[in-house]
Amino acid sequence: MADQTSTPKQKAGAFDIRVVIAALIGSYGLVLTILGIIADPAEVAKAGGLNINLWGGIAMLVFAALFVLWARLRPIVVPVDEHPRE
Amino acid sequence: MPAQDSILRLDATAIDYLIIALYFAFVLGIGYLAKRAVSNSLDFFLSGRSLPAWVTGLAFISANLGAIEIMGMSANGAEYGMPTVHYFWVGAIPAMLFLGVVMMPFYYGSKVRSVPEFMLRRFGPPAHLVNAISFAVAQVLIAGVNLFLLATIVNVLLGWPIWVSVIVAAVIVLSYITLGGLSAAIYNEVLQFFVIVAALLPLTIVGLHKVGGWQGLTEKVTGSPGGGEQLSAWPGNALSGFSSNFLSVIGIVFGLGFVLSFGYWTTNFVEVQRAMASKNMSAARRTPIIGSFPKMFVPFIVIVPGMIAAVLVPELADFKANGSGEVDYNDALLLLMRDLLPNGMLGLAITGLLASFMAGMAANLSSFNTVVSYDLIERYVIKDRPDEFYLRTGRWVTVVGTVIAIGTAAIASGYSNLMDYLQQLFSFFNAPLFATFILGMFWKRMTATAGWVGLVSGTATAVLVFILSENGVIDLPGQGASFVGAGAAFVVDIVVSVLVSLATAPKRDEELVGLVYSLTPKEQRTEVTVRGDHGWYRRPVLLAGISLAMTIALNIVFG
């Protein structure tokens, strides 16, 4: 986004907040899923038998995948500067 | 409470710290990335007015999803149950929709850079100064409160000394705001929103699973000291403090729903700034409207866990029955986390809380630096310098604001009651502001003198009612006093403004184009459809209608 006036249509490159969100939530999903798989049964019992690390982790991985998909399908297009700067 | 023997101490392990550290790495990374997009002061203070509506919409609610909101609302959920939803469904959404549909065209369309600047254009310097100074003072003090609360939580949960957490948190927030300005704050708010949801949603699900589902929660709450009335939102007597059902409904709808919430959501620059950062008029109007959709579901991950904690955590259930014990309602979320979450998810839950505290503080600071730089320094102190000067000033103001906030946090750690009072007091300030704005936007006859006289007398009324209720002269339990205070301030402001207006000379019509409804051509008030804004789902008024209908449906289902 540094030089947004150079070409009329330009993809925003690395800094798409959706990708950043997906990266963070995806890493959490990965860590939690692994923790869920190797979970100590006593810990699982704490949550009433629900392995929340595993299910939460999987849900976060799915969420991250959807966000990446969204960013891929609708990339940010930086238009020519429509508002003259004050 | 001494950290060593806190029963709230969480059993955090290396993996939890890893999750927390990962989050902070991302936060700083966003600050660094956002820096590349800052080339002038408008980029720094208003993100160059370039952000898409879903980003500003999420930031809009995230800026408000701070510490006070999450801890306070789950505490209210534990104490009062479902009536707490009024803070969201009555006390936020109608005002957010009103902001998007009615008021945003004036804010965004007039190209002002802050809410006080609108005040300046409509009413001139006196009203502007009153508004800008009181706003800046309030923001920096509230930032200090947020900072102190964050440090307290870190101290209780992890055992770090308070001053260490105060400084670490302040330095992190400071780094990303001075680097990336409002963009960094907004992008982080969006990230924070998802982290907060990722933290609280699993907690709610585990809690509901453990308590036996919604059915189980219903049975347990009915059997608890609160009784079955805590399961329905209306009439909410315990919350409003009125014993009559009729008065309670009136109090909630007018006091909370109209005066308090419209004052907060439509004139608070912390919120409005997020919408001003969006890329065009349509996106600016959609910002609060898009925000209203997640907002209506926030109660389910904040209030419901509070209710679960009150029936599931033995210490808290004890407190609710006897009114004494080692814990109180404010600990509801922490107790639930301690009892239910395994390591891993626990780290994420702590991260979510830290994120919410920082969101609040960053939002306060990023609006503080805008108002101080644009509205005070550029306008009255050092005029007509090149833009780079104000960009640099903005960065320094952020540093100064952070230092003051650390000082405030230090004061707050000594006088915790004082900070409660301050916060309550600031909540009153918005009511007269809203009265002045709404009258000024719709009545072209309102004069400049009326602007500041009305504002000052309304605020004085709020302070008076506050003092009377603190001294017990007005005795209303619950939220009754703030409803009455805000209501009185609103009425006094309107009456005084009308009287003063009739006695003084109004501004000429030409000066008020774009600022007053009747003098603004329709084209200027509505958005021009530009590329990327097509489709029925991007029409602000239609979206607002859908949001309102959903809110009413929620009120009926949980009424």
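Each Cβ is built from the backbone N, Cα and C atoms, and glycine gets one as well.
Listed by sequence, the residues of this chain that lie at least six past the ends of the transmembrane segment (B:14-34) yet keep a Cβ under 8 A from its Cβ atoms are 172, 175-177, 179-181, 183-184, 187-188, 191, 195, 343-344, 346-348, 350-351, 354-355, 358. According to TrEMBL, the feature transmembrane segment maps to B:14-34 (among others).
The transmembrane segment annotation in TrEMBL covers B:54-75 (among others).
If you look up TrEMBL, you'll see B:87-108 (among others) marked as transmembrane segment.
Within the chain, the transmembrane segment (B:129-154) has long-range Cβ neighbours (under 8 A, six or more residues past its boundaries) at 66-68, 71, 114-116, 119, 160, 162-163, 165-166, 169-170, 269-270, 334, 353-354, 357-358, 360-361, 364-365, 367-368, 371-372, 375-376, 380, 401-402, 404-409, 411-413, 419, 422-423, 426, 429, 433, 452, 455-456, 459. Marked as transmembrane segment by TrEMBL: B:129-154 (among others).
Tertiary proximity for the transmembrane segment (B:160-179) is limited to same-chain residues at least six positions away from its ends with a CB under 8 Å from its CB atoms, namely 3, 24, 27-28, 30-32, 34-35, 38, 147-148, 150-152, 154, 185, 188, 354, 357-358, 361-362, 365-366, 369, 395, 398-399, 402, 405-406, 409-410, 413. The annotation transmembrane segment is assigned in TrEMBL to B:160-179 (among others).
Feature annotation from TrEMBL assigns transmembrane segment to B:191-209 (among others).
Marked as transmembrane segment by TrEMBL: B:288-313 (among others).
Among the features that TrEMBL reports, transmembrane segment is placed at B:345-372 (among others).
Panel annotation: around the transmembrane segment (B:393-415), residues 41, 44-45, 139-141, 143-145, 147-148, 151, 162, 166-167, 170, 173-174, 177-178, 181, 361, 364-366, 368-370, 372-373, 377-378, 382 of the same chain, lying at least six beyond its termini, place a Cβ under 8 Å from a Cβ of the stretch. According to TrEMBL, the transmembrane segment annotation covers B:393-415 (among others).
For B:421-443 (among others), the entry in TrEMBL reads transmembrane segment.
TrEMBL lists B:450-469 (among others) with the feature transmembrane segment. Below 8 angstroms of C-beta separation, residues 119, 122-124, 126-127, 130-131, 134, 424-425, 428-429, 431-433, 435-436, 439-440, 475-476, 481, 484-486, 488-490, 492-494, 496-498, 500-501, 504 of the same chain, each at least six residues beyond the ends of the transmembrane segment (B:450-469), sit close to that stretch.
Per TrEMBL, the feature transmembrane segment maps to B:481-502 (among others).
Panel annotation: around the transmembrane segment (B:345-372), residues 10-12, 15-20, 23, 27, 45-46, 62-70, 113-114, 116, 132, 135-136, 139-140, 142-143, 146-147, 149-150, 153-154, 157-158, 169, 172-174, 176-177, 181-182, 185, 188-189, 191-192, 195-196, 198-200, 202-203, 269-270, 273, 333, 337, 394-395, 397-398, 401-402, 405 of the same chain, lying at least six beyond its termini, place a Cβ under 8 Å from a Cβ of the stretch.
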